[in-house]
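For reference, the structure is listed below as structure tokens.
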Amino acid sequence: MEKSTMSAVVLVLNLLVLHLQYSEVHSLANTSSEHDFGYLKFVYNAVDLELEGSYDYIIVGGGTSGCPLAATLSANYSVLVLERGTIATEYPNTLTVDGFAYNLQQQDDGKTPVERFVSEDGIDNVRSRILGGTTIINAGVYARANESFYNNSGVEWDLDLVNEAYEWVEDAIVYKPSNQSWQSITGTAFLEAGVHPDNGFGLVHEEGTRLTGSTFDNSGTRHASDELLNKGDPDNLKVAVEAAVQKIIFSTESSGLTAVGVVYTDSNGTSHRALVSGKGEVILSAGTLGTPQLLLLSGVGPESYLTSLNISVVASHPYVGQYVNDNPRNFINILPPNPIEPSTVTVLGITSDFYQCSLSSLPFDTPPFSLFPTTSYPLPNQTFAHIVSKVPGPLSAGSLTLQSSSNVSVAPNVKFNYCSDPVDLTHCVSGMKKIGVFLSTDALKPYKVDDLPGIDGFNILGTPLPENQTDDAAFEKFCRDTVASYWHYHGGAIVGKVIDGNFRVTGINALRVVDGSTFPATPASHPQGFYLMLGRYVGTKIVQERSASGEAIHTSTFKPKLMDSLKSALSFAF
């Protein structure tokens, strides 16, 4: 065979492999079941932990990436996970599909799973405070990132391993949603509005209309990253809840600046130390707000800024807390003349300029915090549909700063600078114009209160779309005036600025970051699938790297006292 022909064959085979990786839906969790709390046998309240302990890996944050990362590493090494929140059995409403709105409605008492904050843009927002992270409080939408994200990420991915990591997650906690009336109508309207092609059911982020995966099963039970802890080795894995990590401990001995442990406090305010043994590491998985905050409090960040706060500079890192972005969420609420059934987001409309979806809801007396931009937004007195457009990327970047220079429990300040980049504003305008086309479809006619053409005839809750679909200035004003958070904020410790392509903090040994702070753009319309995969992926890469070096595997067995509340939770779970 000629060389050119052989090269062509190889190219075709490689493209086929990539196509299979990104287009085929592999096995999902296929039966509804209770949330699996088997892992509680190795979960402890931090008050019951030793004042000083040693572990191969210390993971700060038991959230979307932290849980799969911990489970993976525990197959070979001793692992401690430090989570500032508590467990889901303390808040059973987190475990149902109805809990999404309910948990946003609960007042923040300093312990609830949803921590409220208002960005310096003046927009309401939330972060998680529970084992399982945002996978315990979100809307359950599951998608894989697309090929272009990997190509532009600054990381040399092993795409076979990426695919295996996705499957590892999906087999445990991802479901194909059942048919929901409003979601079916949403899909029909997207297609009628020109969001093509019809991709049927699939998980990969790609242009067109599709039914995507969900972490809610068809009985309405939530499944989340905490359940992935069940895949870990219980003899090697310890999870401490209500453990607030205060700072990273560093050493400057002959090997250079090295992370050697962390200091954390329990709910009684007692200080503990967890130290790294052997060639282990500290891995930060505390999220977009928590990870940059902890780096700054530990003396890793912009030198002049740290000095101004009287924080001793351990390592000058000018980009810690920079490139913090949040995807704008703009929307229209319609109040149909007849009740519609509540539904979670399962149908997506994807284009290169915007991502769209919709949910339907019962009315409520207490507003779900951050569903609308501010608490002064009008409340629905009947069932309603919330039709959403998301700006990809985004290119508009903000920053994170400390509100307290000594107390990790005081949330940092963050400003996202929504739509400050003109490209983002253009994408928002395009998206909201497409929602105008969506509202004008035949599929949406039964949801009008008056039989009027185009976008007219709907009972709109809040700000309506501009009447003139060609008035870009009016749409730009709409985008600025109605912006809300999509809860998909990211960045602050990004690849190429703070960490390298192996997720190691540059200039510091034994310190990595594996969470949503690592990339300056959202990896898909809904990012939880990517970050679940990322925990498994990086954990597997670490095990492979250490195994290839011929290191002996270190294991240890933990037998501290179970806290009383977890004993009762165990009896509840089983």
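Note that Cβ sites are derived from N, Cα and C of the backbone, with glycine treated the same way.
A quick note: this is a predicted structure, and the numbers were derived from the prediction, not measured.
In Swiss-Prot this protein carries:
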- 1-27: signal peptide (SIGNAL)
- Asn30: N-linked glycosylation site (CARBOHYD)
- 64-65, 83-84, Thr134, 138-141, Val245, 487-488, Gly516, 527-528: FAD binding site (BINDING)
- Asn76: N-linked glycosylation site (CARBOHYD)
- Asn146: N-linked glycosylation site (CARBOHYD)
- Asn151: N-linked glycosylation site (CARBOHYD)
- Asn179: N-linked glycosylation site (CARBOHYD)
- Asn268: N-linked glycosylation site (CARBOHYD)
- Asn310: N-linked glycosylation site (CARBOHYD)
- Cys357, Tyr486: substrate binding site (BINDING)
- Asn381: N-linked glycosylation site (CARBOHYD)
- Asn407: N-linked glycosylation site (CARBOHYD)
- Asn468: N-linked glycosylation site (CARBOHYD)
- His526: active site, proton acceptor (ACT_SITE)
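Contacts of Asn268 (N-linked glycosylation site) defined by a Cβ separation under 8 A and a same-chain sequence distance of 6+ are given as Val47, in order along the sequence.
In the structure shown, across all protein chains, Glu83 is the one of the recorded positions Asn30, Glu83, Val141, Asn151, Trp487 with the greatest number of other Cβ atoms within 10 Å. Nearest by CA distance to Asn30 (N-linked glycosylation site), out of the binding-site residues Thr134, Cys357, Gln528, is Gln528. Val141 (FAD binding site) sits 6 Å from the residue listed as 'active site, proton acceptor', taking the CA atoms of both as reference points. Distance between Cα atoms for Ala139 (FAD binding site) and His526 (active site, proton acceptor): 10 Å, as a whole number.
Under the three-state DSSP scheme, His526 (active site, proton acceptor) falls in the coil class. Taking each of the recorded positions Thr64, Asn146, Asn179, Asn310, Asn407 in turn and counting other Cβ atoms within 10 Å of its Cβ gives the largest count for Thr64. For Asn381 (N-linked glycosylation site), the spatially nearest entry among the recorded positions Thr134, Asn151, Asn179, Gln528 is Asn179, judged by CA separation. Taking the C-alpha atom of Thr134 (FAD binding site) as reference, the shortest distance to any of the recorded positions Asn146, Asn151, Asn468, Tyr486 belongs to Tyr486.
Nearest in space to Thr64 (FAD binding site), taking C-alpha to C-alpha distance over the recorded positions Asn151, Asn179, Cys357, Asn468, Tyr486, is Tyr486.
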